[in-house]
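**Student:** Okay, handing you the structure first.
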Amino acid sequence: MDLPLFVIALILGIVEGLTEFLPISSTGHLIIIGDLLGYNDATSKVFKIVIQFAAILAVCWDYRERLARVAAGVGSEPAAQRFVGLLFIGFLPAAVLGLMFHSTIKSLLFNPLTVATALVVGGVLILWLERRAYHPRINAVDEMRWADALKVGFAQAAAMIPGTSRSGATILGGLVFGLSRKAAAEFSFFLSIPTMFAATVYDLYKNRDLLHMGDLPVFAIGFVASFFAAMFAVKAFIRFISNHTFIAFAWYRIVFGLVVLATWQLELVEWSEP
């Protein structure tokens, strides 16, 4: 699809912001839509890193008051120290496994067909989980134990497969391990900060040779679009899950994934293959 680069940047920025914290896989959407728009060259890798960083900052802004309290009290207040400890423990599995398998997964699995398959499988899993008996024992992040954070951390590590969804894995993992919907969603948001920040720094370092001053205007458009779209999505998502299940997201994943697989099978779209 032949669109001006600034339009592609705007589209992908909005897509990233809207999908990063929903259980539908932002990385999967960026891979599929980027492939559809023909924006999948080396520069696009850096662009996607930049717009994901914008989404991190949006969460930091939305939760700035709580994060400021934690930062102010981390040296002396047990509650703040415990909160940071929970995030550190939850971050560890993805950090360790990411360093071990990050490059292999990116080279082998970052393609539309893998994403589509993961979207469908993840959607079916969400439907199955939503039909289980649900009795939360943890109604706030502050009530979590170290073991709860570690288990959610391992769930997050599974989301290294594109199309799985980091937020989906952590939120649904939280539900399985006894967190309320709101507590699971908020811990997922907080856990995204160290996880995505570390991934951003690591990816930028590895792709530093692809950074060029001439790309800054396009990157800026995507950054701003992602930031404001993510701010909206986080607030809307918290309101939504207060009164709804994740079934709508499950069906969205299944339908979207099947459409991509069908267009590939029928040769309607020439998707990039493994």
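Note that the numbers count up from 1, one per residue, in the order the chain is shown.
Using the three backbone atoms N, Cα and C, a Cβ is placed for every residue, glycine included.
Look at Swiss-Prot and you will find 4-24, 41-61, 83-103, 108-128, 184-204, 218-238, 246-266 tagged as transmembrane segment.
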**Student:** Under 8 angstroms, Cβ to Cβ: which one of 83-103, 108-128, 218-238 has the largest number of such pairs with the transmembrane segment (41-61)?
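**Tutor:** Highest pair count goes to 218-238.
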**Student:** Looking only at the recorded stretches 83-103, 108-128, 218-238, which one has the largest tally of CB-CB distances under 8 Å to the transmembrane segment (4-24)?
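**Tutor:** Answer, by Cβ pair count: 218-238.
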**Student:** Residues sitting near the transmembrane segment (246-266): Cβ under 8 Å, six or more positions beyond its termini, same chain?
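**Tutor:** Sequence-distant neighbours of the transmembrane segment (246-266): 22-25, 32, 112-113, 115-120, 122-124, 126-127, 129-130, 163, 168, 171-172.
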**Student:** If we skip the immediate neighbours and take only residues 6+ beyond the ends of the transmembrane segment (83-103), which ones have a Cβ under 8 Å from one of its Cβ atoms?
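**Tutor:** Sequence-distant neighbours of the transmembrane segment (83-103): 70, 74, 141-142, 144, 146, 149-150, 152-154, 156-157, 159-160, 170, 187, 190-191, 193-195, 198-199, 202.
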